[in-house]
Amino acid sequence: MQLVFVQFMTGLASAASLFLVASGLSIIFGVTRIVNFAHGAFYMLGAYVAYTLTDRFTGAFGFWFALLAAAAIVAIVGCLLEMTLLRRIYQAPELFQLLATFGVTLMVQDLVLLIWGPEDLVGPRAPGLAGAVEIFGKRIPSYDLFLIALGPLVLAGLWLLFHRTRWGVLVRAATLDRSMVAALGINQKWLFTGVFGLGVFLAALGGALQIPRDAVNHGMDLRIIVEAFVVVVIGGLGSTTGAFVAAILVSQLNAFGILVLPKISLVLVFLVMAVVLVVRPWGLFGTRPPPAQASIGMAVRPWRPLAPGEIAVAAAVVAAVALMPLWLGHYALTVASEILIFVLFAASLHLLMSVGGLASFGHAAYFGLGAYGAAFVVKAAGLPMLAAIAAGPLLAALGAAVVGWFAVSLSGVYFAMLTLAFSQIVWSIAFQWVDVTGGDNGILGLWPDAFAASPAAFFWLTLAVVTPALVWLHMVIFSPFGYALRAVRDSELRAEAIGIDRRRVQWIAFVIAGTAAGLGGALFAFLKGSIFPDVMAIPTSVDGLVMVLLGGVETVLGPIVGAVVFKALAMWLISQTDYSKLVLGAVVVALVVAFPKGIVGTLADWRDRLTARRGAGPSDAEASADATAAEPPAGTMAPAPSPATVAGRTRP
Amino acid sequence: MTRLLDVENLAKSYAGLAAVRHVSFGLDRGEILAMIGPNGAGKSTCFNMLNGQIRPDAGRIRIDGVDTTSLPPRAVWRKGVGRTFQITATFGSMTVRENVQVALMSHGGALGRWFGRADTRGRDEADRLLALVGMAADADRAAAELAYGDLKRLELAVALANRPKLLLMDEPTAGMAPRERVGLMRLTAEIARAEGIGVLFTEHDMDVVFEHADRMMVLSRGLLIAEGPPETVRRDPEVRAIYLGEGLVYDARHQEARADASTSGPQPEARA
């Protein structure tokens with residue numbers, strides 16, 4: 001009983017920081033509609049800055065001043081980021097914003113490494129709260145009690161801010177209807193900046209408050225951002241009260257999960273989130289979101305399949321690639337095989353994301369399931385490699401069929417979050433079901449059969465598997481089914497009115513995409529000779545998203561180009577610099593701001609401008625293999641961005 | 001012989017507010033029926049129940065004798081109901097022709113296929129439908145770049161793709177220029193009469209209603225308050241009361257004045 005009480009109090013204390021971070025995330029989303037991935041980075045920055053400041057300013061006053069000053073400094077950094085970066089991309093599809101802020105997260109990770117070094121840093125105890133108080137015969141740290149009290153205080157403060165100040169009322173109004181607030185003569189720009197600053201302040205304060213409890217470290221950002229997402233999704237995007245309730249729920253699940261169900265402690269939180277999303281898609285305190293600003297993947301210039309001449313070019317490219325073992329060394333060939341595998345992974349995500357308009361944030365799960373599936377077949381059934389490569393995707397297909405069935409009832413950010421939750425569940429299972437998956441130690445010794453043992457042979461095998469799979473995906477895009485999928489993406493209303501079953505079509509697409517990703521995963525397992533849970537962790541999913549966007553989300557051939565460039569760049573950077581994340585993050589940010597159409601989309605635009613200048617007719621302008629993008633559809637389409645409908649309230 | 005559309009006691013309320021209160025009406029093949037009423041009269045709710053977007057609380061909808069009450073939109077469509085929307089809904093990333101082709105493929109049950117090129121399927125039929133609505137020249141343009149009036153015509157072509165028995169058109173001419181309005185409705189009327197399609201449409205423009213509707217019905221606060229030929233309905237005192245200060249009275253007078261003038265002058269239709 002005493003143990004339960006201690007766990008309960010620990011859970012409550014953890015909830016305070018989580019609530020601060022999550023409420024900031026929620027407020028920012030409510031007003032600006034930006035899902036701020038960099039929120040975890042601000043949390044981490046808050047902790048690091050607070051560490052430095054508490055070092056400088058000692059004593060009771062100095063300590064508390066340092067915490068607040070740290071949060072304020074980081075908030076100013078956040079405001080600068082909002083003014084320089086986010087203001088440029090408010091009109092872009094949600095996914096671009098998520099990606100830009102993800103790029104910022106990557107950069108911050110390396111910046112922190114540069115400034116504060118790789119070691120964990122232990123901050124000072126809070127002056128006056130260093131001791132413990134005895135309750136029910138157990139000693140509870142006084143600092144924990146302080147945090148427990150702080151949560152409701154902040155909630156009350158936010159409530160007062162939003163209900164009793166002019167600024168707060170404006171923020172709530174903007175949450176409900178941005179364009180109306182703008183029409184009333186309010187300068188939205190500064191309102192948005194202010195809200196972003198407030199959100200970042202809360203996140204940084206959450207981080208700063210952690211230093212007396214935990215060592216400051218580099219993993220803080222991703223850990224908190226995933227939990228904060230979970231909290232916000234369970235509570236309802238845009239709801240502060242929801243964030244408060246969900247933060248307590250999640251913290252208690254964490255505290256007791258370890259105690260009661262240690263075997264599935266990692267899964268528990270995501271399981272709850274998945275259940276909430278399935279039962280109450282907009283969260284416990286959320287309301288139905290407005291229609292997405294712009295469905296991703298919408299191309300104004302219609303797609304068309306490759307013309308015979310272009311097919312010949314594609315065949316020549318494949319032939320040239322097939323000749324690569326003649327001049328590439330072993331290491332380079334292994335890299336090339338990996339790139340090919342990720343081309344397939346990106347292309348499978350593209351089917352879902354560009355063609356289907358469903359941006360999955362957990363696509364790595366099916367890549368991983370394919371890999372584990374192949375490994376099981378080898379280890380348990382003792383079957384040869386080719387059988388395993390064929391069987392692996394079946395596990396991925398099964399997983400995608402189950403997850404997809406739930407996921408396709410949602411869309412936009414909620415779809416992204418549910419797929420993320422499911423991928424975390426799959427990851428947790430791989431991580432914690434040690435008897436079957438080997439847990440953290442993975443499954444080793446998955447070597448290719450003798451005929452494919454050499455890097456060259458495995459490269460050819462990979463090419464021989466990946467090429468038909470890509471051709472197949474391409475055919476699906478231009479098959480009647482592909483049209484149905486795009487129809488559903490473009491206008492669900494119209495699609496249903498001409499007899500198309502949206503859920504069915506999207507579910508099938510989800511399974512196809514998952515299966516193709518699983519095929520890539522099965523190859524990957526044999527390429528590496530081993531398989532670890534991390535292959536299906538969030539970074540792999542995000543890599544896939546970056547590849548598709550880098551290539552051009554509104555293009556057909558984008559994912560292939562994007563995967564090649566991204567993978568090659570990432571691997572090259574790792575070999576060249578210790579700060580590859582900084583460069584990669586900067587590339588991602590630059591990409592979103594300067595080339596939102598990606599490589600292929602931008603090239604197509606250039607060529608079109610060129611042909612237009614030559615005075616070519618429209619038939620020539622259309623002759624783009626990758627038939628792509630024009631302007632971002634927001635504003636040009638009939639369903640104009642309408643933030644009018646109630647989205648999620650900022651009502652505590 | 002059963003009527004094409006038979007609606008009995010249709011009702012729907014939102015959180016206690018009755019949007020549609022036990023409305024009954026019918027429609028015959030080749031007949032053009034206009035549904036009018038002030039904003040909030042329940043027209044859209046009624047329409048959305050007919051094509052399955054909203055489940056009615058009570059009542060029965062029969063299309064060609066088949067009960068379609070509470071069927072989802074895609075199932076209603078399979079019973080032969082084409083629909084256009086007040087705010088046009090088309091597939092922006094596709095060409096005009098592809099928009100029609102998708103509807104044709106859906107009608108032919110081909111959309112489940114993963115193999116084979118889709119862009120060659122139903123091409124001729126799509127072009128025929130586009131020619132019918134006067135969009136043949138725009139077949140290769142992206143739907144996203146069409147002007148509003150053209151989108152309305154594309155929607156009509158899409159709605160005709162499954163050879164519907166019944167066409168539901170929600171404010172088909174809203175947002176169009178006067179000349180385009182008359183053109184579109186005249187076209188719809190011609191097609192409907194030639195192919196025996198029943199048309200139900202909502203409309204705010206009384207000129208359009210009086211010119212093209214065989215019959216009209218007036219909704220007010222969810223109740224059907226008048227029904228009959230336009231001439232009779234417009235003399236209905238209750239209808240006049242509801243529309244006092246609104247378009248109908250003005251337009252009706254306007255129409256009468258024109259009708260009087262037309263005994264000597266040009267026919268009202270000649271304006272177009």
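Here the Cβ of each residue, glycine as well, is placed from N, Cα and C on the backbone.
TrEMBL: automatically predicted annotations, no manual curation.
Taken from TrEMBL as is:
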type	residues	note
TRANSMEM	A:6-27	transmembrane segment
TRANSMEM	A:34-51	transmembrane segment
TRANSMEM	A:95-116	transmembrane segment
TRANSMEM	A:224-249	transmembrane segment
TRANSMEM	A:256-279	transmembrane segment
TRANSMEM	A:311-328	transmembrane segment
TRANSMEM	A:340-361	transmembrane segment
TRANSMEM	A:381-406	transmembrane segment
TRANSMEM	A:413-434	transmembrane segment
TRANSMEM	A:505-527	transmembrane segment
TRANSMEM	A:547-570	transmembrane segment
TRANSMEM	A:582-604	transmembrane segment
REGION	A:614-652	region 'Disordered'
COMPBIAS	A:619-634	compositional bias 'Low complexity'
- Query: Which residues, given as numbers and ranges, are at least 6 beyond the ends of the transmembrane segment (A:6-27) yet have a Cβ under 8 Å from it?
  - Reply: 35-36, 39-40, 43, 135, 138, 140-141, 143-145, 147-148, 150-151, 154-155, 158, 171, 195, 198-203, 205-207, 209-210, 213, 224, 227-229, 231-232, 235, 237-240, 242-244, 246-248, 250-252, 254-256, 259, 648, 650
- When each of A:34-51, A:95-116, A:256-279 is checked against the transmembrane segment (A:381-406) for Cβ pairs under 8 Å, which one has the most? A:256-279
- Item | Winner by Cβ pairs under 8 Å against the transmembrane segment (A:547-570), considering only A:34-51, A:95-116, A:256-279, A:340-361, A:505-527 | A:340-361
- Query: Given pairs 6 or more apart, does the transmembrane segment (A:256-279) have at least three Cβ pairs under 8 Å with the transmembrane segment (A:413-434)?
  - Reply: yes
- Message: Below 8 Å between Cβ atoms, which of the listed ranges A:34-51, A:224-249, A:340-361, A:413-434 makes the most pairs with the transmembrane segment (A:505-527)?
- Response: A:340-361
- Query: For the transmembrane segment (A:340-361), which partner among A:34-51, A:224-249, A:413-434 gives the most CB pairs under 8 Å?
  - Reply: A:413-434
- Message: Using Cβ atoms and a strict cutoff of less than 8 Å, what residues sit near the transmembrane segment (A:224-249) while being 6 or more residues removed from its termini?
- Response: 11-12, 15-19, 21-23, 25-27, 29-30, 37, 39-41, 43-44, 105, 151-152, 155, 158-159, 162, 175, 206-207, 269-270, 272-273, 276-277, 282-287, 289, 413-414, 417, 420-421, 424, 538, 647-652
